[in-house]
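According to TrEMBL, the region 'Disordered' annotation covers 1-20. The domain 'CP-type G' feature in TrEMBL is assigned to 82-240. Sequence annotations record features per position, and here TrEMBL assigns domain 'EngC GTPase' to 91-238. The GTP binding site annotation in TrEMBL covers N130, K131, G132, D133, G182, I183, T184, G185, V186, G187, K188, S189, S190. Taken from TrEMBL, the feature Zn(2+) binding site applies to C265, C270, H272, C278.
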Amino acid sequence: MKNKKKKKSRDNVGGTSCSAPEQKGVIVAHHGIAVDILFESGERRMVKIKRRAGHVVGDNVLVQEPRLTRLPRRTELRRRDSRGSVRIVGANLDVLCVVVAHLPSPTPGYIDQAMVTARESDLLPVLVINKGDLKESEKFIAETCAIYKDIVDVFVVSAVTGQGLDALEEFMAQGFRSFFVGITGVGKSSLLNAICPELDLRVGELFEAGNRGCNTTTVSTLHTLKGGGELVDTPGFNEFGLVDVSPRDLAGYFPGFEQAMETPCRFRDCRHRTEPGCSVSTLLQEGKISQERYTTYLEILDQLEAGEARFKTRR
Ligand SMILES: Nc1nc2c(ncn2[C@@H]2O[C@H](COP(=O)(O)OP(=O)(O)OP(=O)(O)O)[C@@H](O)[C@H]2O)c(=O)[nH]1
Ligand SMILES: [Zn+2]
């Protein structure tokens with residue numbers, strides 16, 4: 001096993017002829033044993049891959065069939081699935097849109113966890129508050145905006161009336177490749193359909209075409225938006241487990257702690273609990289960080305430390 005060759009990001013499925021010219025493209029859909037590639041020439045076609053090749057939607061690739069070479073990723077967004085395994089959601093993403101609504105309301109810390117994961121993965125987090133058309137949303141919108149409006153871009157929208165979608169689309173049109181995450185029922189699907197009407201249609205078309213006998217379900221797709229920008233959609237993806245953020249690094253990504261992080265704490269490995277000379281404690285005392293925000297930070301820190309302890313025990 002030891003001498004087994006290192007896993008390459010290359011696939012060589014099928015024949016051996018390499019006479020066709022090499023083409024650069026991006027993976028726009030993943031079907032398990034084949035990927036749909038949009039080439040720079042504008043051509044779009046299916047290329048076979050090995051099932052566990054590790055390619056994901058958003059990957060830039062060089063294709064000289066039957067060879068497919070994955071180019072290095074700028075970013076990768078990872079998540080933990082229900083069994084605790086780490087999965088890559090998409091490659092070369094720029095923005096994580098965290099979708100929330102007053103109902104179902106986000107669990108405490110949900111928004112922060114998603115934002116921490118985004119920042120840790122070098123993605124820009126933005127907050128999208130849906131169901132803005134409902135009167136019952138008002139209090140939630142006011143409270144949520146008060147916390148996040150100075151930290152990230154916040155869009156109050158309604159997938160039903162279209163309110164606020166222009167601003168969101170304008171933002172995405174800057175050329176961002178975005179991924180939307182939200183718990184079931186907040187209206188993520190409605191929102192994606194409103195922004196990208198051909199989304200459902202596209203998936204249907206791919207399935208219908210059966211592309212060269214490939215009939216596995218599409219797990220993830222990348223769509224170019226009419227106004228500009230792209231979005232990656234992964235059906236059935238809702239929960240968002242924190243991945244790979246160490247307890248020590250949490251504060252550096254935590255929304256609202258930006259000012260505190262400008263002044264280093266006395267101890268380099270400060271976890272901002274009760275350590276003396278702590279910048280977070282100072283801002284907390286000055287009222288620049290609210291007790292509520294700090295409590296949420298401690299709760300996530302507890303979770304990460306528990307995870308770390310479990311990991312150490314397993315090892
Ligand atoms: N009033 C109002 N209702 C909305 C809005 N967006 C979605 N809904 C409703 O909220 C419910 C859930 O919408 P979905 O789009 O299925 O939500 P989702 O988050 O994608 O849910 P899953 O597909 O289960 O992940 C539906 O009954 C929608 O009609 C909105 O902006 N305003
Ligand atoms: Zn500190």
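The backbone N, Cα and C atoms fix where each Cβ goes, glycine too.
As the structure is a computational prediction, the values presented were derived from the model and not from experiment.
Feature annotations (TrEMBL) mapped to structure.
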| residue | record | contacts (Cβ under 8 Å, 6+ apart) |
| --- | --- | --- |
| N130 | GTP binding site | V99, V100, A101, V157, S158, A159, G182, V186, G187, K188, S190, L191 |
| G132 | GTP binding site | I141, V156, V157, S158, Q163, G164 |
| C265 | Zn(2+) binding site | H272, E275, G277, C278, S279, V280 |
| C270 | Zn(2+) binding site | G277, C278, V280 |
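Residues of the domain 'EngC GTPase' (91-238) grouped by DSSP class, helix first, strand second and coil last, total 56 helix, 30 strand, 62 coil. In this view, V186 (GTP binding site) is surrounded by 26 other Cβ atoms within 10 Å of its Cβ, with every protein chain counted.
Each of the binding-site residues T184, S190 was scored by how many other Cβ atoms lie within 10 Å of its Cβ, and the smallest score goes to T184. Other than C265, C270, H272, C278, the residues of this chain whose Cβ falls within 8 Å of the Cβ centroid of the Zn(2+) site are, in sequence order, A251, R266, F267, R271, R273, E275, G277, S279, V280, S281.
Taking K188, C265, H272, C278 as the candidate binding-site residues, the subset whose CB lies under 6 angstroms from any atom of ligand 2 consists of C265, H272, C278. In the predicted structure, the domain 'CP-type G' (82-240) carries a mean pLDDT of 85.
Checking the binding-site residues T184, C265, C270, H272 against ligand 1, the ones whose Cβ sits under 6 Å from it are T184.
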